[in-house]
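Q: According to Swiss-Prot:
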BINDING   GLY30, ALA31, ASN32, GLY33, SER34, GLY35, LYS36, THR37  ATP binding site
Amino acid sequence: MSLRRLSVTAVRNLHPVTLSPSPRINILYGANGSGKTSVLEAVHLLGLARSFRSTRLNPVIQYEQQTCTVFGQVELAEGGTSNLGVSRERQGEFTIRIDGQNARSAAQLAEMLPLQLINPDSFRLLEGAPKVRRQFLDWGVFHVEPRFMATWQRLQKALRQRNSWLRHGTLDAVSQAAWDRELCLASAEIDEYRRNYIKALKPVFERTLSELVELDGLTLSYYRGWDKDRELNEVLATSLLRDQQMGHTQAGPQRADLRLRLGANNAADILSRGQQKLVVCALRIAQGHLVSQVRRGQCIYLVDDLPSELDEQHRRALCRLLEELNCQVFITCVDHEFLREGWQTETPVALFHVEQGRITQTHDHRE
């Protein structure tokens, strides 16, 4: 799948614009602060109804404007098109529309427009808190396991009930036991989905990483959030007093993590910033391969500031891997010359110059 048309209104400093991107490679170039990243942010809003630059959406809305809007026409893998739109008002009203109908949740957008982001903050996947890695893991599971979302919602409901009981003691013994059973059942299913996903991801990740950088001894493992040799109901029973003291459940899928190690050390403690970025790129490209294997569509990759912390050899290797995915890519850079010639002759490449929020297409992929 790919964006055939993208219309952006009142996002950051961007002037209202409608773009016709290439189904493959799109390079946005211009000076720092010109608005290149805001274009990627607009696509991110369209696919996830949130920004990757700010947890608050008010700063995304252009100064003196009350609403920002992003519209996209998506070419579907199975043929045909679908129209997606998101708008956000300063007062907080968020509207999501799919083919003219109001959508129930952002998950519907995410399912139709799977996005992968690679930017200067990508190293946080290794250095950041376990929550960041759980989000990465569950993005992948969501896109390859149709049962994941419903099970995840069951898990969250059971976890909220148990945590409320731990803090306030509002459940009788029978209700508490019932919610504990539901929590354990949903947790076992989530754990199974995650384990199966990591089993499929690891060989693809290792193969992809080997094409980017040599890191002998790097391992990827999955921690499910509780002792692998014990059932969750047993762990919950033995940790009940501590859970009550803490006011929340200490064990379960909500504590899961991905662990990347180099020998006996955490990879983030050993690798340079450039090496960390290559590891993250390999992880995200591997995810794209799995999505294409399970679904008929491809991810769309948003790559912000590609040259950052990568030398020419590694930039070219990354571009080659993205090209081999046969997916749509949006890349930002200051100077496009080193990127423009790095693709196969038959690969459609479109160039967009961004200057003070104005976007001009300087090379059409159809030329």
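Cβ coordinates come from backbone N, Cα and C, glycine included.
Would you situate these features in the structure and describe their surroundings?
A: A coil conformation is recorded for SER34 (ATP binding site) in the three-state DSSP classification, outside any helix or strand.
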Q: Around the ATP site recorded as GLY30, ALA31, ASN32, GLY33, SER34, GLY35, LYS36, THR37, what other same-chain residues have a C-beta within 8 angstroms of the site's C-beta center?
A: THR332, VAL334, VAL354, GLU355
Q: Hey, which of the binding-site residues ASN32, SER34, THR37 is the loneliest by Cβ count within 10 Å?
A: ASN32
Q: Which residue among the binding-site residues GLY30, GLY33 has the fewest other Cβ atoms within 10 Å of its Cβ, if you could check?
A: GLY33
